[in-house]
Amino acid sequence: MKNLVVVDHPLIKHKLTIMRDKNTGPKEFRELLKEITLLLAYEATRHLKCEEVEVETPITKTTGYRINDKDIVVVPILRAGLVMADGILELLPNASVGHIGIYRDPETLRAVEYYAKLPPLDGDKEVFLLDPMLATGVSSVKALDILKENGARKITLVALIAAPEGVEAVEEKHSDVKIYVAALDERLNDHGYIIPGLGDAGDRLFRTK
C-alpha cells in the first residue's frame, strides 16, 4: 500500500470513534464528517505549490505566499461525498466543484455511473476526489476513470475509512493516485461492507434507512 497515507491525529481518532457509534445521530454525524475532512485536507493539500506575493503589513512590505485555489477542483462522489466537500471548501473556498454519481450494485458489487458534471479538467488542475468509504474500491476506481477520461492528471483521493481491498483495487488501476484516509480498517464482510467500519455513510447522513 505504497500510496496510502493514514493521517494519525488524536482529534481524528476521537471524532471517528463518535462517528462509528451506532447511536450517533445524523446531525452530529454530518458535523463530524465535515470536521474530519477538514483535518484530512490539511495533510492531503501539503503538496500544493505556493507562489510568492508581496504584501504590505501595518509595519512594512514583505514577501508572502499564496495558493491559487482557482486551479483546484473538488469532486465528491454522490451522495455522502457532498458533506466532505463542505469541509475541504472551508479551506479552499475558490476551488471549482464537480459531481460524480455512482452507486454500488448490491448484487454484483459493480459500480454504476448515473451522473457526472465536471468543470474543465486539464493536466495542471489539482483534483481532490472525495469518497467517505473506500470499501471494494469499485466506486473510486470508476470515478478515477471518469476524471482521467476528462483530462485530469493530478488526482488525490481523500476517504474517511478504507479497507485493504479497496486500497489495493485503487493502487492496481491507478498507481499514480495518492490516498489519504482517517483509518485503515480490517477487511470487508460478505456484503462488501467495511469491518468494523461505521455502516452505510450515506444512510446515516441522510436517514434513508
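From the backbone N, Cα and C atoms, a Cβ is placed for every residue, glycine too.
According to Swiss-Prot, the residue from Arg79, Arg153 that belongs to the 5-phospho-alpha-D-ribose 1-diphosphate site alongside Arg104, Asp131, Pro132, Met133, Leu134, Ala135, Thr136, Gly137, Val138, Ser139, Asp200 is Arg79. A C-beta separation below 8 Å, combined with a sequence spacing of at least six in one chain, links Met133 (5-phospho-alpha-D-ribose 1-diphosphate binding site) to Ala80, Ala159, Leu160, Ile161, Ala162, Ile194, Gly197, Asp200, Ala201. Summary of the uracil site environment: with the site residues Ile194, Gly199, Asp200, Ala201 set aside, the chain residues having Cβ atoms within 8 Å of the Cβ mean position are Pro132, Met133, Tyr193, Gly197, Leu198, Gly202, Asp203, Arg204. All protein chains shown were included, and the count of other CB atoms within 10 Å of the CB of Ile194 (uracil binding site) stands at 26. DSSP classifies Met133 (5-phospho-alpha-D-ribose 1-diphosphate binding site) as strand under the three-state reduction.
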